[in-house]
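So the structure is just underneath, and the comments pick up after that.
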Amino acid sequence: MIGDLKTRDLLLFAFVALLFVGTGIVQSWNVSLTILNMGLISAIMALGVNMQWGYAGLFNVGIMGFVALGGLGAVLVSMPPTGQAWADGGLRVLLGLVLGAATVVAAVLAWSRVTRFRGPVVVAILVIGFFIFRAVFDGGVAAVEAVDPASTGYLGGLGLPIILSWPVGGLLAAGAAWLIGKTALGLRSDYLAIATLGIAEIVIAILKHEDWMARGVKNVIGLPRPVPYEIDLQNSEAFVARMTAWGFDPVTASGITVKLGYTGLFVVVLAILLWLAQAALASPWGRMMRAIRDNEVAAEAMGKDVTRRHLQVFVLGSAVVGIAGAMMTTLDGQLTPGTYQPLRFTFLVWVMVIVGGSGNNWGAVLGGFLVWWLWVQVEPIGAALMQGITAGMPDGMWLKAHLLEAAAHMRLLTMGLILLLVLRFSPRGLIPER
Amino acid sequence: MEPLNAFVTFANFVLIPATAYGSQLAIGALGVTLIYGILRFSNFAHGDTMAFGTMAVILCTWGLQSVGISFGPLPTALLALPVGIAVTALLLIVTDKTVYRFYRAKKAPPVTFVIASLGVMFVMNGLVRFIIGVDDQRFADGERFVISVRTFREMTGLDEGLAIRTSQAITVVVAVIVVAALFWFLNKTRTGKSMRAFSDNEDLALLSGINPERVVFITWLIVAGLATVAGTLYGLDKSFKPFTYFQLLLPIFAAAIVGGLGNPLGAIAGGFLIAFAEVTITYPLKKVLGYLLPESLEPDGLVQLLSTDYKFAVSFCILLIVLLFRPTGLFAGKSV
């Protein structure tokens, strides 16, 4: 699959690699690896969005929601179950959810089967179902959330290894994407955009306020890790002896070892996904997707079911984003619903895809690394710039204080300008589609 | 008196706030729908345009306050409004000339415009944060209430009170004026008619000698006015926080789509529909029902259908229902 790249593309990748090496030398290798790990995750997110946008022209602005669902997957899989909560109200919560789902299914069935008084019947089913759902569900939630609210107060997870949560996060995101796609695909493209924007906000609202599920804004912290803890390494005599023999400070080395462990895992996932994405793009399926994107009417005339194919690729792309979301929560070691911001998780990924080159998987990956590096580094660069600008101003001047303080907000401005400039002068991105 | 008390409670907590909120959404949705009708794309930067306009108004208000000018019982922000609109209009015109005009000349597909508007959204958001910061700003001054709870109780002798805040009254009055002026402009003036012609059929409009760049120019001016007014009214009523304005994008889009994208009348109806649904469904109805039902039937719980945290879900569900059953919106909007 490397064979798809031209010399120019390899040079671009070499340039980005140089940025990371430069960060390692100028700042520290710990910083460089931190950015690299998040860059790998960003690259996977960009890959998922590129499947939707680059292959099929679907405009998804709900990436944040799918990332968060992936994160939820990490909690549900890896945290130990809270036995007391399950005993007190867990089954009641589940029963409530089942009843809620049954209500919706019954309403949908009634809509397609009942012939007389269809509207009133469906409304009646929904209203009665809603009250039954609330009656069962609310009591269960109260019982669960009352169990030691300071440390648990939620149902907990399955207590399985956290790596299993990556595919589970993908499945959760895929399920949500299927629901959205069923309703909004096949309408005009703007509607899909608004629908995804809405679902992302709702996913975050649910994560923030359904404490029984993942503790809401109280956050789930201390997720199990797939790699060893720094402190264990520092306490391991073999590790300290080897690092000292190699001439490294054991404390710094333990941090770097852990980060390299994550890097290794993420590289494997990225490589697999990239290989799959490239294979799909080169297959008859990939050609069909691009044919649909370029001319829906002609593709439909050739007997392709456009809405179905759109749904397919929308679900696949969202699943990839969900995997990345689960990986991110694994890397953070905690799920903090309050930190999900659309500018950071939805629109920044769009900048990555557009800058890297929509329609080209390698481009999306490159964009993921490059834009993430910029996003992190713009802040110190902006601060330094402001120091330079304000150096001539007298101390205590209001403008100086304001400019120094505002340097933190340079990021959004820079990202917006980059997006606009690339879109204007190089709309096909750094590595264009071929 | 029981039904009257119930009605007063309902009016105080649902009708009046929802009317004010609906007016704000309606003016916001009018801006979105105008851009959609004339420029034919969904402008994701609209929330941040509102934030920028409000910021300009706030800065001007502070300037006026610092030299001792006030507007008597009314908020000083109303005096600052024209300045805010002018600054916002300037920003939008510059944005159009530097960003959107290029794609217009190329006849780029609508989605390119939408992505460009994402870039504009980033830049505007950055500008607002850069200039005024991310914190909450309150800038309402003047008289706080038109009628306070206590005066109302003394006037009517009812148990329940009814308060009308100045910001709410102003919102409704300003909304009526703005909407009336806009419809007069669109329906009666030559320029307004040329805009509607351009929105209905671009080719025919060009054929009859309408200058497209002029139509676009006027549209941005009007959008600047609408966005600044909507943002300022929202800010007076609640408070100004850049991130909240970004989040307003969802109910505003929902209002515009529910009403039918490109249809000004629909935008207003959509705004009120969304606002009333959001406020009614998230308000605990216990007190109202307590007055209406006999004691034996009085509800134990709060009778809150959904917690306020899910108000976005309400606008979203209405949006989904409309998309499923009437994809062009309640009033026929543009093509699906």
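Including glycine, each Cβ sits where the backbone N, Cα and C put it.
Note that the coordinates shown come from a computational prediction; the quantities given were computed from them, not determined experimentally.
According to TrEMBL, the feature transmembrane segment maps to B:20-39 (among others).
Among the features that TrEMBL reports, transmembrane segment is placed at B:51-71 (among others). Residues 77-81, 83-85, 87-88, 91, 124-125, 127-128, 131-132, 137, 139, 141-142, 224, 227-229, 231-232, 234-235, 240, 242, 245-246 of the same chain lie 6+ residues outside the transmembrane segment (B:51-71) yet bring a C-beta within less than 8 angstroms of a C-beta in it.
Long-range contacts of the transmembrane segment (B:77-99) within the same chain, counting only residues at least 6 positions beyond its ends with a Cβ under 8 Å from a Cβ of the stretch, are 49, 52-54, 56-58, 60-61, 63-64, 69, 71, 116, 119-120, 124, 139-140, 170, 174, 216-217, 220-221, 223-225, 227-229, 232, 235-236. TrEMBL lists B:77-99 (among others) with the feature transmembrane segment.
Taken from TrEMBL, the feature transmembrane segment covers B:111-132 (among others). For the transmembrane segment (B:111-132), the list of distant contacts is 39-45, 47-49, 51-52, 55, 58-59, 91, 95, 99-100, 103, 242, 246: same-chain residues at least six beyond its ends, Cβ to Cβ under 8 Å.
For the transmembrane segment (B:162-186), the residues of the chain that approach it from at least six positions outside its boundaries are 8, 11-12, 16-17, 19-20, 23-24, 26-27, 30, 73-75, 78, 140, 142-149, 152, 192-193, 195-196, 222, 225-226, 229, 233, 236-237, 264, 268, judged by C-beta separation under 8 angstroms. If you look up TrEMBL, you'll see B:162-186 (among others) marked as transmembrane segment.
Long-range neighbours of the transmembrane segment (B:215-236) within the same chain, counting only residues 6 or more positions beyond its ends whose Cβ lies under 8 Å from a Cβ of the stretch, are 20, 23-25, 27-28, 30-31, 34-35, 38-39, 46, 49-51, 53-54, 56-58, 75, 77, 81, 84-85, 88-89, 91-93, 96, 104, 137, 139-140, 167, 170-171, 174-175, 178, 182, 185, 191, 194-195, 198, 205, 245, 248. Taken from TrEMBL, the feature transmembrane segment covers B:215-236 (among others).
As annotated by TrEMBL, transmembrane segment applies to B:305-325 (among others).
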